[in-house]
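So that you can see what the record holds, here are the features copied from TrEMBL:
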ACT_SITE  H79  active site, proton acceptor
BINDING   D80, V83, G85, D87, S89, E102  Ca(2+) 1 binding site
BINDING   P176  substrate binding site
BINDING   H206  heme b binding site
BINDING   T207, D264, D272  Ca(2+) 2 binding site
DISULFID  C48-C128  disulfide bond
DISULFID  C81-C86  disulfide bond
DISULFID  C134-C341  disulfide bond
DISULFID  C213-C253  disulfide bond
DOMAIN    38-345  domain 'Plant heme peroxidase family profile'
SITE      R75  site 'Transition state stabilizer'
Amino acid sequence: MASTRRRRAGGVPMAVIRLGVAAIVVLGAGVIGGARAQLRMGFYDESCPAAERIVGEYVRQHVGRVPTVAAALLRLHYHDCFVRGCDASILLNSTGNGGAAEKDAAPNQTLRGFDLIDRVKGLVEAACPGVVSCADVLALAARDAVAAIGGPSWRVPTGRRDGTVSSMQEALAEIPSPAMSFPELAGLFATKGLSVRDLVWLSGAHTIGIAHCSSFADRLYNGGGGAGNANGNNTDPPPLDAAYAANLRERKCRTAGDGVVEMDPGSHLTFDLGYYRAVLRHRGLLRSDAALVTDAAARADIAGAVASPPEVFFQVFGRSMATLGAVQVKTGSDGEIRRNCAVVNSGH
């Protein structure tokens, strides 16, 4: 398109960002093809033609009333896909025989949106019993929630089936930690078939996120971080901007307890580029946020996005979300179609 040839303030050519888009498109296609995926657009057109409309209408209604629901559903989908793939195993309850489920792992104890997914699944079940998976409901709901607050939309091929195993220990091992360095994050993403650029663009979801003070207490109270180095590839992230840290200690995090801070102050209910601007100004709250600028290529991608129209970020974010949504999916005869998202069909 013509806008790819314009230059924005700062002299960053739009073509630089477009190269990143092309790379993501190729990767997304490879992940989908390698996942035994029979995912396709319109999978339920004959078996449950109203499914996507039911999910979209319900999600838009609730996000319109409580905009923070968008971040909750997006995070729920993200955490689901990192453990056993996008199979709705995050929604399963722990069992009475001692099997602790993913949702009981420490990183998941602040997740929200379970009740909303249960309600929308109930509506879909009423229309088409035993047809639409919880995994597809969650993937569609995350996309529709982001679009409902003015963010991007993206293609969500359907046909996922639901997993029957959910392990707290696997969640502890597989979900990215806010304390990870850039190489650690990149390595973990690679095990899911996600690229460094996917890491950069998916981190942009923090534009509508919040962080508990306890999750970045080391950076807030101990000055956690390094000074960086000349080539920009020091894995020790830079410390929080000193003035910003002082303001947070005074106003938001007077102790290292469970106060919360917007990750994109001033526009945390708007899907925009504010989070990336904060990261470039050393105001990324988590070590994993600050880690993005320790890699020269990642930092250049962020700077290029910030210097471009928001539509460029929307495009690359949407394509990385489509790639994430195809990670290790179960299709065909794998898994099941749960009637109740919190229990396997043979469970109680």
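Quick reminder: no glycine exception, Cβ is built from N, Cα and C everywhere.
All annotation found in TrEMBL is predicted automatically rather than curated by experts.
On a predicted model such as this, the values are computed, not experimentally measured, just so you know.
The Cβ of D87 (Ca(2+) 1 binding site) has D80, A135, R160, R161, D162, G163, Q328, V329, K330, G335 as same-chain neighbours under 8 Å, each 6 or more residues away in sequence. For the binding-site residues given as S89, T207, the lowest number of other CB atoms within 10 Å of the residue's CB is seen at T207.
Working note on the recorded positions R75, H79, H206: by count of other C-beta atoms within 10 Å of each C-beta, H206 ranks first. Summary: among the recorded positions (V83, C128, C134, C213, C341), the fewest other C-beta atoms within 10 A of the C-beta are counted at C128. Fewest Cβ neighbours within 10 Å among the binding-site residues G85, P176: this applies to P176. A distance of 14 Å separates the Cα atom of E102 (Ca(2+) 1 binding site) from that of P176 (substrate binding site).
Counted within 10 Å of its Cβ, the other Cβ atoms near C86 (disulfide bond) come to 29, all protein chains included. Annotation: D80 carries the greatest number of neighbouring Cβ atoms among the binding-site residues D80, E102, D264, D272 [cut-off 10 Å, Cβ to Cβ].
Cβ neighbour counts within 10 Å, taken over all protein chains shown, single out C81 as the most crowded of the disulfide-bonded residues C81, C253. Within 10 Å of the C-beta of C48 (disulfide bond) there are 20 other C-beta atoms, taking all protein chains into account.
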